[in-house]
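What follows is a set of notes on a single structure, which appears directly below.
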Amino acid sequence: MDPLHKKAIAQGVAGMAVLVAFVFLPAGTWQYWQGWLFVAVFSLSTIGFTVHLALHDRPLLERRMNAGPQHEKEWPQKIIVSLIILAFFIFIILPALDHRFGVSPVPAYMSLAGNIVIVASFLFIFWVLKVNSYAAANISVAGDQKVIDSGPYAHVRHPMYAGALWLFIGMPLALGSWLTICFLPLVLPVLIWRLLDEEKILRRDLPGYDEYASRVRHRLIPYVW
């Protein structure tokens, strides 16, 4: 088997095991249908991504697998990525605890809506990856990299983070917790810090980025910011 494919399978299996543990251990029960549905939706979405990249864009698969603070070159980004990972797991653990103690349950239809938001965010991120084969999980500029200004990049400069924001919105609803939604304002500053620091690197290292930024004025949300 291709070593890259073996690595992708190993990461996928480990990731699914971690996801199940962080959902059901805090919940204290396996009787948590919102948790099972979330695990299924999230896992199938990531598997679909991985299979597509393995078949159609091997270099991008390699770039996407080099994720985590250890793969960042700049210390601010190491800190930012660590905070994003921490926020991701908090947004899983808190709803599970909420389910356990029944603090702020959401109606079933809102949980289903949260899963729809998650699927939509993954589809949007997939669109980003389709038009930008340089969309690495860490901030770096390849030697042959060019500015991408088509697809979602024609509307905002950082569509990947726009998709991630919707993922953070959908997760608490999918897992059945109103309370966790209250922590969303803590995630937004971290994403903004990430993209602003990334822009400094792109302006410095990617030819043509300044001109692109002058044409596409909005960073995260069209017509807003």
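Each residue, glycine too, has its Cβ placed from N, Cα and C.
Just so you know, TrEMBL annotations never went through curation; they're auto-generated.
The feature transmembrane segment is assigned by TrEMBL to 12-30 (among others).
As annotated by TrEMBL, transmembrane segment applies to 36-55 (among others).
Among the features that TrEMBL reports, transmembrane segment is placed at 79-97 (among others).
Marked as transmembrane segment by TrEMBL: 109-129 (among others).
Proximity of distant same-chain residues to the transmembrane segment (165-193), defined by a Cβ-Cβ separation under 8 Å and at least 6 residues beyond the stretch ends, is recorded for 23, 34-35, 37-38, 41, 76, 80, 83-84, 87-88, 90-92, 94-96, 98-99, 103-106, 110-111, 113-118, 120-122, 124, 220. Residues or ranges marked as transmembrane segment by TrEMBL: 165-193 (among others).
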Return the stretch with the most CB pairs under 8 A relative to the transmembrane segment (109-129), choosing among 12-30, 36-55, 79-97.
36-55
